Amino acid sequence: MRELPIFWAGGSMQDDTLPLNNSNATTTPLSTRLPFTKYDFGWVLLCIGMAIGAGTVLMPVQIGLKGIWVFITAFIIAYPATYIVQDIYLKTLSESETCDDYTDIISHYLGKNWGIFLGVIYFLMIIHGVFIYSLSVVFDSASYIKTFGLTEVDLSQSIIYKVAIFAVLVAIASGGEKLLFKISGPMVVVKVGIILIFGFAMIPHWNLDNISAFPAASVFFRDVLLTIPFCFFSAVFIQVLNPMNIAYRKREPDRVLATRMAIRTHRISYITLIAIILFFSFSFTFSISHEEAVSAFEQNISALALAAQVIPGHIIHITSTILNIFAVLTAFFGIYLGFHEALKGIVLNVLSRIMDVKNVNPLLLTSGICVFIVVTLVIWVSFRVSVLVFFQLGSPLYGIVACIIPFFLIYKVAQLEKLRGLKTWLILLYGILLCLSPLLKLIE
């Protein structure tokens, strides 16, 4: 049964969604207004929760370091480009007649060999984030438990603690998107509330004298180039888009309608996210000087710590703790959906070469993947493997999966030729920039 609509989406909520080449699609007119339901709202929260978090509170410090003019230019370039990247990425995945997982979609377009090859690259992009968040989940939670006096030992050293915490998180994340909406949704609302409250609290302290002078042209263009990838990662939630696409396709028998819903949810999520980030960032930017930003950078503290000058310190400590915990958990839940889906796709692709995958027990497959994920994350965290390499690989992996692979599909697959055009070439250039971004650090 569908949820009652929250409101009827009209005007800007409509979308020229490309029709799916599928005989099972119904003839729902593209002009039909779609009800915005609680289910849609749940996905909006999950998308925002994937993107907004601890990194957001570092944005004002980065703006203070580089200068507001650099960031304004980088925002103007990066945020529309990131929207186009995610929009085209979603549309390339929505045209497939089958929609079980990423590898399955690619296999439908290009065959099993291409499917597993590109599926592994997609898996590496997802696992990059999962490994980083899994470290935060264990070590941050253990640190908070010890700090608040709940235990005297460091639980991060305990295998039982690691197994327990990952088993609980994986069980929740595997319970379906509706369970995630109930658990992750309120945490996202709290995160956004904290961000907005701090943004409004700084308004009385705005001082236009804090706006830096326009830098020299060479420095300006160099810093803009270096800042564009930073802006991309402040707003990207591509990891959750294909799980969302799959969920809508399974829920809605009309595949054209399902695609329209997914694209609309992405648009609402992205616009809301950007509005929150820009308001918070510039509210703090107008309130702190360049010297304060440099000091915060050297001390490795966020904008919330700078707010201590107008907000009591104990409130800063509590809200920072809540924001950090909720940021890690909501991001982990969001990216887990992609991780499970990516792993499932690779497993089924391999099994399909030796047996009929229709004979695979879905419950057994899901349970096996969940156990494998828990064991893998426990081993990863136990060895305390450095994530520095993964940080360096992150930008190229996102550039390949989000930009270069969609470009390749659009010019390789006849079903996607309607997406060809200037935007497609722009995302290719954006992808190349993301792939080269680790090297760009050398010119800083």
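Even glycines carry a Cβ here, placed using N, Cα and C.
Annotated in TrEMBL:
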TRANSMEM  41-61  transmembrane segment
TRANSMEM  67-85  transmembrane segment
TRANSMEM  116-139  transmembrane segment
TRANSMEM  159-176  transmembrane segment
TRANSMEM  188-206  transmembrane segment
TRANSMEM  226-248  transmembrane segment
TRANSMEM  268-288  transmembrane segment
TRANSMEM  315-339  transmembrane segment
TRANSMEM  360-383  transmembrane segment
TRANSMEM  389-413  transmembrane segment
TRANSMEM  425-443  transmembrane segment
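Using a cut-off of 8 Å between Cβ atoms, the transmembrane segment (425-443) and the transmembrane segment (116-139) share fewer than three residue pairs, counting only pairs 6 or more apart in sequence. With a cut-off of 8 Å on Cβ pairs spaced 6 or more residues apart, the transmembrane segment (67-85) and the transmembrane segment (360-383) reach fewer than 3 such pairs and are scored as not touching. Taking pairs at least six residues apart, the transmembrane segment (116-139) and the transmembrane segment (159-176) share three or more Cβ pairs below 8 Å and count as touching.
Only pairs six or more apart in sequence are counted, and the transmembrane segment (268-288) with the transmembrane segment (159-176) gives fewer than three Cβ pairs under 8 Å, not enough to call it a contact. Between the transmembrane segment (226-248) and the transmembrane segment (360-383) there are fewer than 3 Cβ pairs closer than 8 Å, counting only residues 6 or more apart in sequence, so the two stretches are not in contact. Same-chain residues lying 6 or more positions outside the transmembrane segment (315-339) and placing a CB less than 8 Å from one of its CB atoms are 46-47, 49-50, 52-54, 57, 123, 126-127, 129-130, 133-134, 136-137, 140-141, 144, 169-170, 172-173, 177, 180, 183-184, 187-188, 190-191, 194-195, 198, 237, 239-240, 242-243, 302, 304-305, 307-308, 373. Sequence-distant contacts of the transmembrane segment (389-413) (same chain, at least 6 residues past either end, Cβ-Cβ under 8 Å): 85-86, 88-89, 92, 95, 106, 109-110, 118, 121-122, 124-125, 128-129, 131-132, 229, 232-233, 236, 238, 419-420, 424-425, 427-428, 430-435, 437-438.
Against the transmembrane segment (159-176), stretch 360-383 has more CB pairs under 8 A than any other of 41-61, 188-206, 360-383.
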